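Listed in TrEMBL:
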DOMAIN    38-719  domain 'Myosin motor'
BINDING   Gly131, Glu132, Ser133, Gly134, Ala135, Gly136, Lys137, Thr138  ATP binding site
REGION    594-616  region 'Actin-binding'
DOMAIN    927-1105  domain 'MyTH4'
DOMAIN    1110-1416  domain 'FERM'
DOMAIN    1414-1480  domain 'SH3'
DOMAIN    1551-1705  domain 'MyTH4'
DOMAIN    1711-2011  domain 'FERM'
DOMAIN    1935-1964  domain 'PID'
Amino acid sequence: VKVTDTGQLQLIDDEGKEHKINKKTEGSLKPMHPTSVKGVDDMIRLGDLNEAGLLRNLLVRHKEGIIYTYTGSILVAVNPYQLLPIYTTDHVHMYTDRRLGELPPHVFAIADSCFFNMRRNRKNQCCVISGESGAGKTESTKLMLQFLAAVSGQHSWIEQQILEANPILEAFGNAKTIRNDNSSRFGKYIDINFTKGGAIEGARIDQYLLEKSRVCRQAPEERNYHIFYYMLMGMPAEQKKILSLGSAAEYNYLTMGNCTSCEGRDDVKEYAHFRSALKILMFTENDSWEISKLLAAILHLGNVDFESKNSSFFNVASQLLEVDPKALEKSLTQRSLMTTRESVTKSLTSAQAVDGRDAFVKAIYGRLFIWVVHKINAAIYKPPGDSNDIRLSIGLLDIFGFENFNKNSFEQLCINYANEQLQQFFVRHVFKLEQEEYARENIVWERIDYKDNQRTLDILAHKPMNMLALIDEESNFPKGTDTTMLQKMNQVHGKGGIYIPPKNNYETQFGVLHFAGVVYYDSQGFLEKNRDALSSDLIQLVETSTNKLLKQVFQKDLPSSSVKSNTNPKMTINTPKNSLRHVPTLTGQFRQSLDSLMKTLTVCQPYFIRCIKPNDYKKPMLFDRELCIRQLRYSGMMETIRIRKAGYPVRYTFSEFLDRYRALLKTSICDPKTVSQNKEKCCESICETVLAGEGDWKTGKTKIFLKDFHDTMLELERMKQLNEKALLIQKVLRGYKYRREFLRKKAGALVIQKYWRGHKGRKLYKVVQRGFARLQAQVRSRQLHFQYKKKREAAVLLQAQARGYLARKEWKRKKDAVILLQAHTRGVLARKALKKMKRDVSTIIKSITEHLDNIFGFLPPIIGGQEGQAPVGFENFEGKRMLTEEIDIDDIPIEEDLPKEDYDDLDEYPFSKFASMYFQGVATHTHIRQRLRQPLLYHEDEGDVLASLTVWWIILRFMGDLPEPKKQVQVQGTSTQERFLSQDLISRKDRQGPTLDRPLTSLEKLHIIVGYAIVRRDLRDEIYCQICKQLQDNNNRNSYFRGWILLSLCLGIFPPSERFIRYLQSFIRSAPGGYASYCAERLRRTVMNGVRGEPPAWLELQATKTKKPMIVSVKLMDGRSINLPVDSASTSKEICQVLSNKIKLKDTFGFSLYVALYEKVWALGSGREHVMDAISQCEQEVKRRGGQEQHAPWRLFFRKEIFTPWHDCKEDKISTDLIYLQIIHGLKFGEYQCEKEDDFVQLAAKHLYIQHGSDSSPENVKQAVQESINNSLLEAKSEAKWVQMVSTAHAQVSNATLQKTDSVKAEMVDYTREKWPMFFSRFFEVVKLSGPPLPKSKFIVAINWTGITFLDEREKRLLQLSFPEVTGVNTIREGKASGQAVCLLTLKGDFTLSGSTAEDMAELVTMFLSGLTERSQYAVALKDVDRQDDPTFLSFKKGELIVIIKDDEFSQQRGWIKGQIEGTKRTGAVPTEAILILPTLSKPTYESLLNLPPNQRKDIIRPNPSETGTMERVAPATLKEFSLEYFRQPTKDVNRQVIARNAAPERLWANSREPIRQPLLKKLVGNAELSHKACLLFFLDCCVPILKYMGDYPTRQMQSPLELTDQIFGPATQYEALRDEIYCQIMKQMTSNNNRFSIEQGWQLLWLCCGLFPPSQSLLRHTRRFLESRRRESLASDCLQRLQSSLRLEPRKLPPHQVEIDAIQQNSIQIFHKIHFPNDTEEIFEVATSTRIKDLIQNIANKLNLASADGFSVFVKTHDKVLSLNETDYFFDSLRQITDWSKKAKRIKDVNVSYLVFFMRKLWFNVIPGRDTEADVIFHFPQELPKYLRGYHVCTKDEMINIAALLFRIRVGNDKSQLVMIPKILKELVPADQLKAMSENEWKKSIVAHFNKQANMTVEEAKVAFLKVVCRWPTFGCAFFEVKQTSEPNFPDIVRIAISKQGLTIIHPKTKDVLANHPFNRIANWCSGSTYFHMTIGSLVKGSKFLCETSLGYKMDDLLTSYVNMYLRERRAGQTRNQRFNI
């Protein structure tokens, strides 16, 4: 307001114009509100709430360059028509995570609010961007997209693809119009999908109503679509030539608007961006070329003139469309019409032809556009993996604005209809719904009137007979015209007021009253455009085309067959079927898509951006008020402001509000726990506290209503409170931590002080004490010293002189004499000693030999088993010439039974020490000659005491230390008594004294001594001690040697006790003449094989003389005789093993040694029996018969004793051959008897066939009869008769048997095995201690392949048992006297049998039972199993016979086996605990076994069921208590109830082998989605992962542990609700589980689970109890530690890695991983389950002693990539992610992906060479060297020579001899591009000169020196990438990109010039794809884009992100420091 000089008031407006005020205008003026002077951010706060106030607010802000203004949450955006600096990356960061209203209005604020609310409310958002054409809708949409991509923060390829979809869509769908240089001529809705974490994962674009007519005609000063101009300006000349393209001015379709250029648009650059976008969106080069062909064809068709017949354009178009030119001409110039009978062709006029061509062109372009959109969606849209997954999204609607031209047509009607729909959506959301809710909630509200456009929508599309329906109806009539359509509309809608009819019948215009005003439409062409139909001729033409893209875009219009079959292009088709098909109209399609859009928008939370166009001239800083007020008016902005100002746009239910803002509630005012019924009071309390004095807010019935700024205030206050509470928690915890630390230190300090003060006091006391003592000593010593000194001085002087002289003289004399005497004496003594030693050795050996001969008589060297006449029945082995073989002692296998003794400490065990410790009374360890009064050792048994004294007497007599008694006694009657066999000695313990009082031979004495030792176990140490005592210090030669002979013989018979053995071994070392090693070996062998049962044989005496093994001869059944060495301890098992190896016998079982003497033959077996015992018995028997022992005629044979039940002759031919010969021998000598004569004949015939084949000559037959028929049979029936019978039988055998002799032998063996099982049995003498009654208690047990038989002494059968009737055998240890006992468990009762060989019998039975069970195919069911619901299992009844199928389909180790019910042939898995496998190879009979009650059989198998599960004293904790509250109710199985009516209810918390069908937890049962996933853990695809892993479920194919753990833990890592279910299911399976394997596997699962995620608080206590009660388990304590750790840390995101599973499966709780370094070294580091990458980096840095870990990173190298790991991720999660990705890329499943883990420097900042030598040597040098050698750096010649010398020194050190190698290794010293800068000699000369200058430099110093040179270059620390770029025409195709701490630099690869340098703050956005890298430099709106092709884009992306994050962290740290200083 201005006052003139005349005092008149004048007004000056905003443009500076003056206006006078008169009385008329004065009344209409009022003062401006202060808020309108400068303008406000939010127009709700305007004081002038009228149109003028709104307009002025926008005007003022527009002048200041502020284009954004709020109306509540609605953003008003005024198009500035210029680029403003408000779209930088800094602005993006500024508006990220800020509430609406905190910062000035901005489109970024709306985008962030969308993003924030989507994540907070978990609801889809949408943003409707509306406004007129040219108002800036498209740019706002792009900015929203840019912001969402930036805030997503992933820099992912999908983000860039979504952003790059815009350039493609704009190229095809945008054009220059009068109002807008980049007008969108189509509508689009972009639906952006987000992950739960807020990252973009895809998008989908829907397009609406492309303006196809623009392709054919444009208004003046308008252009066609951009793509045509891009192509003509930007396409290379060669490609344009191929397409016959010129400039834009040459084409009719591009010049109709007389405008081919657009100011501000660079078509060349835009085309480059367009091509880049195509690549990013996965369009191939072929796709791009095919698109260009179709676009070029459109341009050429537009130039066709149908009147001039110009064919050049026509031909080019036909070539590009790949159709026949004639067919194209015919289709465009003729029209086929279908009459009732035939097809008629009609020629078209020129105008009609033009219209047809334009329709064809529009159809091509329209369909091409749709195809492009589909192609883009295929690249950017990711369909949801699971239909149940809920995806969050933000939708952006950018649709054509309201249009009103001079001439409006059908397109404008559709566009304006869409705008009406959006306006109604806006009105409904802002006005209708809001006011309805206020009324519902009883909010006091003054209703606001608003402009509702519902009536217009009703007329247009909603009511019956609406305008669009009438247009559709008329379009479907063949005779319908635009005129008839207009008439119908006039008739129906003429009087409504919305529809404005034409003024007369001749006008074609009608009007519609829209919300933005009246628009008049020209009805001409309405129906044609609506039909949007293409003639059938053109469709058929497309069908004949060979252009794939053309046919693809017309695919929906073509007949289905045309796509599949190749059509001949020359064939004309006149079928009218296409014309008959109903084609949807354009209106119908548009309405349908618009309805779909509105449904989408309705379910979203909407945001609105109202774009305002300031002027029609597209000029900046020009504000047209009339235009703006009109837009504000029809957009309803005034009403919006009023309702927003008065209304409450933010509303919460009381529960939601309280849940979110609970932190703001003061419980002192309102406690929700006490007033839980009224949450409203708590909500009001929060609002009264926080929003005091901040405007009104309301509480309704169920909700609280707030203003926008209230929501912002509450959010800010909430964040503030949460921060304060977090700080409080931190403060308390830190205080607690430091207090605890202080108290600990204080307590430690007090302890230190206490001990230090005590130490100090004691030290001071000792100092004082020592001082006084020293003082006393000094005083006394001085007094004494003074007195003594005077006396001594005189005496010493005299003595010294005299004594010194005499002593020296005498000493010299004696010394000379002694030396002379010593020299002579030592020489004499040494010579004598040498002679004596030589003489003694030979004398000792001779003496021992003589003593042996004297003691035992002459011992001739004989081979055992060849003396005398052969035993009865074995004469034939002696008669014929035997083939003798010998076994060398070296061929005998080394025993592996006992570990080697440690003889190093035997010096600690002298005999004297033992004597001093254990000898009784005054007994010494040395030799004496008198009888003892008491034994040397203590004995409890009186008999042992008497026997000890008797043995001492005999030993003294044996050694000659006592004379023999003079009394002669007749020895004839007592000779047998004095043999002192075992039985005799036992019965005559107390009566040996008188009997022995007579002269005895040495052999008799030996037998007495040894006999006592054999019988009396406790006497053995006594005997050894007595012998050793008599050998100790024995000076009597004769006695000494006899004693050692006695000791050596005893060592071969019985071993000492454990107490004495070491002392005896020590004593033996003092043996004379080579006896030490001999005796030691005998002792070792005796200890190994046990005590003998008989005294030594003559052979052993011979061996004692020679000290060599005895040789015995063993005869085989094939006539061979094998001599083999044995010793006193040799057992039959050892000899059988040696023989088997010698004759290469494989099937060794059942072959035994047999001893034959006279007419007796008995088996020694093949076990622990001593061979020399048997020989000793034979000698005693010969002696008894009056013969000489040394000539005993015994023989040893190697024969088959017993068959296994599963014997197979095919396994070993040698075995079969020996058995066959044994059979023939047995037949001949009557050992085997047949009942029938014919059996003998058949066996003899087969023997004949084996020996001579088919030859049956009389001599051969006779020989066979003599060899196989017993003599008694030959005598009973003449030999001729036998020969005749055998010949006849042989003929039959020859005819029937055309087989090899081996199979006939096998037949004979099998016959014998079946016929005479008792002859092939092993016999054991036993006494029955308990069991069922039998006729006798002492009997023989015969065991053979058929079973077990009890026989009496007459071989009468007492009881017979088959193996299935034997259920088990146990060995019972009896007392020392009674030996061993065996408990035989059978179905006929339990027998306890005792005998000397009971243990051998038990072993044999056990072996037969286990072998049969292993091979058996039959089992009997112990209980009912009903699992008909699962086909994997076999259902059966108790007692049913089950046939076992052994095909390894199921793992028997895990408790499953495959079975079949014989009757029904049903198969399935059978639990092994539910069956008893019968030890039989044949099908058992029901009457013998199966009728037995199964419970009885079960009791037999499990005799002590009460002992099961009593391993732990304390009952381990279970989930029983937890299950009562949280588990679901057990399911009721009707079938199970029918089977077992009294069965206990299902224990859900205990182990079960049955898969569950429902989750255990109640909370999951109601959740359909999670319940399904929980059940999958137990029943995934009919598999059971947890049961399967633990072995509780049968598996047909073994799955890898990793696959199972993925199935178990995979869902739980994604869904937190499933975690408790995992814990419960694992602990359930570990409860009451008796399978140890299953338990161990369960602990592995629990260990893995505890490290992945913790259980909920409700389950945590029970889990701890479960673990603590099982602390004895090895993994329990570690599980507890891992559980505690997982409570503090974040849960893992992925299932366990293979390394973790491998570790725990090896029972290792420590996991180690190898880390590689750049210098080709590696180290092992421990990596825990919860180790993060940053922890690992710090650990490595600490271990390597690096100065700092900053800038280092962990990398994983796979087969084709090197990936950096994120510091915050878990190590194993990162590894898992990479290996899974590699598997997907390779499309492999269960193959382990190989990878290497590297530790390297990633970010090169603060790197100063020399500061950290370790880092320089290990990392910096090896990482920088390859870059230098590849020639990436710019350096001078001197620098290269200097570096080359350094590198040479690093390679060879100071070795100058290697200088000649310089030319050969020049590539390793000089950059690759500089090798030719000098000749090789020049390089060498220069390098040598510099090398000599660096003479004193070490290798490490040289590496640091290299780095110091390189670090001066600007490219030091850069990462280099060679890429191909297509964005910048001025750059070469291949460029080098360097990324460093300074930013990103583009370098020329050849010249190394810097082409561009981009600091990080200039790079707005970047991302990478599989083969591309893309970045935007500068502003987000008009920034330059750079696209390059490279496979290393992921590396560039990661490096850029890391550097930018580093700088952001530094900036935040700086801001935090500044804030602290400001405080």
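Using the three backbone atoms N, Cα and C, a Cβ is placed for every residue, glycine included.
Note that the coordinates shown come from a computational prediction; the quantities given were computed from them, not determined experimentally.
Count of Cβ pairs under 8 Å against the domain 'SH3' (1414-1480): among 38-719, 927-1105, 1551-1705, 1711-2011, the largest is for 1551-1705. Model confidence over the domain 'SH3' (1414-1480) stands at 84, taken as the mean pLDDT rounded to a whole number. The ATP site, placed at the center of the C-beta atoms of Gly131, Glu132, Ser133, Gly134, Ala135, Gly136, Lys137, Thr138, has further neighbours from the same chain whose C-beta lies within 8 angstroms: Asn79, Asn180, Ser183, Gly401, Cys611, Lys613. Among the stretches 38-719, 927-1105, 1551-1705, the one making the largest number of Cβ pairs under 8 Å with the domain 'FERM' (1711-2011) is 38-719. Counting other C-beta atoms within 10 Å of each candidate's C-beta, the binding-site residues Gly131, Gly134, Gly136 are led by Gly136. Under 8 Å, Cβ to Cβ, and six or more positions away along its own chain, Ala135 (ATP binding site) finds Ala77, Asn79, Gly401, Cys611, Ile612, Lys613, Gln631. DSSP labels the residues of the domain 'PID' (1935-1964) in these numbers: 3 helix, 18 strand, 9 coil. Counting only same-chain residues at least 6 apart in sequence, those with a Cβ under 8 Å from the Cβ of Glu132 (ATP binding site) are Arg179, Gly401, Phe402, Glu403, Cys611, Lys613, Gln631. Over all protein chains present, the Cβ of Ser133 (ATP binding site) has 21 other Cβ atoms lying within 10 Å. DSSP states for the region 'Actin-binding' (594-616), grouped as helix (H, G, I), strand (E, B) and coil, give 9 helix, 8 strand, 6 coil. Compared over the binding-site residues Lys137, Thr138, the count of CB atoms lying within 10 A of a residue's CB peaks at Lys137.
For the domain 'SH3' (1414-1480), DSSP puts the residue distribution at 8 helix, 26 strand, 33 coil.
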